[in-house]
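Per TrEMBL, active site, nucleophile is recorded for Thr166. Annotation source TrEMBL lists substrate binding site at Arg194, Val195, Gly196, Asp197, Thr217, Gly218, His219, Gly220.
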Amino acid sequence: MKPVIVVHGGAGRIFKEQEKACRSGVVRAVLRGYGILKRGGTALDAVEEAVRSMEDDPHFNAGCGSVLNEKGEVEMDAIIMDGKNLASGAVSAVKCVANPIKIARLVMEKTKHVLLTDQGAHLFAQAMGVPEIPEEKLITERSQERWKKNLEPDSNPEEFQKDLGTVGAVALDSEGNVACATSTGGLSNKLIGRVGDTACIGSGGYADNYSGAASTTGHGESIMKVVLARLILYHMEQGMSPEMAADTALDYMKTRVGGLGGVIIVNNSGEWAARFSTKQMSWATVKDDQLYYGIYTGERHTKSVDEAFASESEEF
């Protein structure tokens, strides 16, 4: 089986001055994940590495760069899932860690549970030796400005949500196993303790070797109502291509609950899709040693992987 990996940096509105950094960020992430697959590594390791790369990139709403809740704090959610046996791990409302996706994987592998939250997740991370970092290291100037703007009496937080995104990755490895991983800082100025779709199996992501893997992004409450990731895999199980399954599910979410979003998918035979109903979504994929990436509907740049690795430091 030839390996495939797809990543997204969030669906929504990407401002012009952010486009270059978002393209570079998803390309860097997909190349890191693909490097693992190319060496015979697992889909699980590849999606974790790709998401970790974007958590460390301040241009994305995950890890460093996460948006702030109503009190000006960072609370993050993450999920990871192994399509081989449906093993899953998730965390919600975690603070003071650089890579929530790492804790989600530890939950999957070191506990009998699927989801740990807030203080419980914090204590578990400490027990596992995950380094704690000062919260200010996760807060960017951009996140702080947005938070302050949303506190103004005439502000419209809904408008500011449009340029926010979750990060995610899906992969198929050479053994035919699929996996997904998703991570986010959530909604700007959200209520303390709010948990969105990302940490919820079937909403923020789902992976099953019998069909494929999906990672979602967009308006979390809408995604949860239609269980978007699992809905897409259901459509694929009924015979739809990844692209058709994504479009059908996104259209249903839009017409049924008025929600916009995006998704990346790979099926168990290596077909992939990156689809969105928002204005933009940064995404990248590698298949057959070819890199593809874009932000706008219809945008699809292509490079050979060798060329991309050689010029990874360049601006995309």
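Keep in mind that glycine also has a Cβ here, set from the backbone N, Cα and C atoms.
Here Thr166 (active site, nucleophile) is positioned 10 angstrom away from His219 (substrate binding site), judged by their C-alpha atoms. Those residues noted as binding substrate (Arg194, Val195, Gly196, Asp197, Thr217, Gly218, His219, Gly220) have their most widely separated CA atoms at a distance of 16 Å.
Neighbour list (Gly196 (substrate binding site), Cβ cut-off 8 Å, at least 6 residues apart, same chain): Asp77, Thr184, Gly186, Leu187, Gly204, Gly220, Glu221, Ile223, Met224. Gly220 (substrate binding site) counts 28 other C-beta atoms within 10 Å of its own C-beta, drawing on all protein chains shown. Cβ neighbour count for His219 (substrate binding site): 24 (other Cβ atoms within 10 Å of its Cβ, all protein chains included).
Rounded to the nearest whole angstrom, the C-alpha distance between Asp197 (substrate binding site) and Thr166 (active site, nucleophile) is 10. If you count neighbouring Cβ atoms within 10 Å for each of the binding-site residues Val195, Gly218, the highest count belongs to Gly218. Just so you know, the Cβ of Arg194 (substrate binding site) picks up 17 other Cβ atoms within 10 Å once every protein chain is counted. Over all protein chains present, the Cβ of Thr217 (substrate binding site) has 33 other Cβ atoms lying within 10 Å.
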